[in-house]
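These come from Swiss-Prot:
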type    : residues                : note
BINDING : 69-76, 133-137, 187-190 : GTP binding site
DOMAIN  : 60-240                  : domain 'tr-type G'
TRANSIT : 1-40                    : transit peptide
């Protein structure tokens, strides 16, 4: 008890005494109440060894380069080996480090261009290398062309066993047009089927590249890869820029982070940018405070400054919340310098060429589907989005893509990353309608295509898009490929042999035929040895019509398609027979028809369930028999007139599936 009283007295006296603090100097900052965090707090962090090394490297020892090639020629694997050689990642067990999406790793393709900065010591001096791993497929050509803006050269990669392919040719001309220094590289020389001499001859004949400058490597085993980095240093030019001039910063790409908002991948042409700088967009006029700058090494690694010639990332504080504000190709500068600089040439906006409709399998999942699509759109603004509604399938979306692979990858990401259960309609292409009053209209939704009466009365001309397709394949399959192209309404433009056994064939084809599994048919005709690339070739007048599916004379709005008149009969018969398989029998007759306007081109009938009304009759009662059968017939007519055909969602899902 006595101890408790002593404790209480001590606490009471301590509470009554005035607090004593150490004297504060007037010059000393107050430690107790300074809770504000300056915007440039990042610049006060201790400087790392990495940052010291980068700061000591002048711009003439910067090298910005990318790897371009046909799909599946080993770009991502070669990137892994280069990152290991420069010590950016630890060797062993690395597989496509720069392919960050699940769908990229699953399919073994690059969808999104990825970047990484490397430090390389060559002859006693540090070099700052910036690598871009680009997609190889034609659908992601926009990613490739944007990557070239941040590069001074490119490694042109060719598979030693396959040789020059269609997209090798296309990527070469893209890089050549940008003025990039090209270094030929032959990959996969370790394969038993490798023929590097043939590949070198093809590169010399097709691109006029000197075979003596080529480097022969195996990215998988690492054979000879160490020779690539000295070649990059010696052959690829340094970027041009001046860090003392006003800031000129090109937005190359962007992606969305839940915590940091929109993150920008930028190339600094002049000047420098730090955390805390106040910058503005020349395209939108919006202004932002820089929250952090850094490089990809290989993940996001913060730095105190990005200088002229560097490629890195920045994000803002407060964050940029709307990805629409980040216009790829935009120029940024410091606030107050807007009139001192000229905007950098931007990029051509990619146009959607393939359209599909997407509906949730369960109508109640529409909000979840909308949420999932919007999240994916934050990182891929080349997709167009428009809400639409179908009587058969309910609320959904009309989505526009750069190509069929682009569409397929998006669908896979919806299913894998967001668990979406969706119904996707077959891909369609846009069509142009020229009206009699001179107006032109692009139709992307078959349901909005003019009906037959309007076509006759108000339309002057219908046009469809064509593409110039470049096909490369062994000479032995030439006859089959020409036959395939001709059957798909193609027109031959050129034919050349770039080796004794390899052919480059160019055809103008309707885009509608190309998206209708043309590549699959091409692979089948050539046992998988053909490759395909294409570019837009403009619009052409065409005889096209809207094919509709009718169930008991009522159009099914979810199933309509604009096709060439030569395909109407064949496709109509396929439709009605396939749809019949998935529609359940009703109490009345169901008639399935394919029609163009009022013209019925194909028909199938689903017989009704039949009740035996004669079961209790005497065999000789002919009059009564006839009377009951007539009554049943009249009842079915009435039921057919007032009854609705019930078509389950799974029927549409099965019908629309490939």
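All residue numbers here begin at 1 and follow the chain in the order shown.
Every residue gets a Cβ built from N, Cα and C, even glycine.
DSSP assigns residue 69 (GTP binding site) to a strand in the three-state reduction. DSSP assigns residue 75 (GTP binding site) to a helical segment in the three-state reduction. On the 0 to 100 pLDDT scale, the model's mean across the domain 'tr-type G' (60-240) is 83.
Comparing the binding-site residues 69, 189 on other C-beta atoms within 10 angstroms of each C-beta gives the minimum for 189.
With the fewest other C-beta atoms within 10 Å around its C-beta, 72 stands out among the binding-site residues 72, 75, 134.
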